[in-house]
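Here the structure comes first, spelled out in structure tokens, and everything after it is commentary.
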Amino acid sequence: MIAIIDYGLGNISNVTRAIQHLGYDVILTCNDKDVQKAEAIVLPGVGHFQDAMHSIEEKSIKDMLKNIHDKPVIGICLGMQLLFQHSAEGDVSGLELVPGNIVPIQSSHPIPHLGWNELKSTHPLLQSDVYFVHSYQAEMSEYVVAYADYGTKIPGVIQYRNYIGIQFHPEKSGTYGLEILNQALKGGFIND
């Protein structure tokens, strides 16, 4: 069973359908007992960082996620950004699960970064075109396992311990997106 954290901001239905299409049972929850029973936890998200953190703190999700060390915790789009320490969007602290910060995209290309872009990585699964929609990005770091070139390097997939971030929308990225999501649900792209 996969637990999708429902904190009130997210593309829950599309992510749910994608995970079910992969053959997993899904539960939408904010309940610690459900999360503890799950094989993996997914934190989806669209919208504003500050609003998302307010909702997460209101529902006591932050401490629950900080105590998960034995299974994948996957953030998608805004969910990936929430995993980090701080965001310039609203100048607010994140979940502080992954070292680093979220900053505005600095590119000569149009913002938001919208549409298909190729991932670059040494991991063979992470070398495909995927669908992005965002104006903020994680800073480049040693935790980036795939990035896209958009006039600057845009982290597309990060992994730090059991925390995996996917900046693009795997549920909107066709077969490759589903394969990437499935690999994340199984534990990610690096071996510790």
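Positions of Cβ are set from backbone N, Cα and C atoms, glycine also.
Keep in mind that what you see is a predicted model, and the values were worked out from it rather than measured.
The active site, nucleophile annotation in Swiss-Prot covers CYS77. Taken from Swiss-Prot, the feature active site covers HIS169, GLU171, and the record attributes it to sequence analysis. Among the features that Swiss-Prot reports, domain 'Glutamine amidotransferase type-1' is placed at 1-192, with the record citing sequence analysis.
In this structure the alpha carbons, written CA, of HIS169 (active site) and CYS77 (active site, nucleophile) are 6 Å apart. Cα of CYS77 (active site, nucleophile) to Cα of GLU171 (active site): a distance of 11 Å. For GLU171 (active site), the same-chain residues lying six or more positions away in sequence with a CB closer than 8 A to its CB are ASN11, ASN14, VAL15, ARG17, ALA18, ILE76, GLY177, LEU178, LEU181.
Fewest other C-beta atoms within 10 angstroms, among the active-site residues CYS77, HIS169, are seen around HIS169.
Under the three-state DSSP scheme, CYS77 (active site, nucleophile) falls in the coil class. Look at HIS169 (active site): DSSP puts it in coil.
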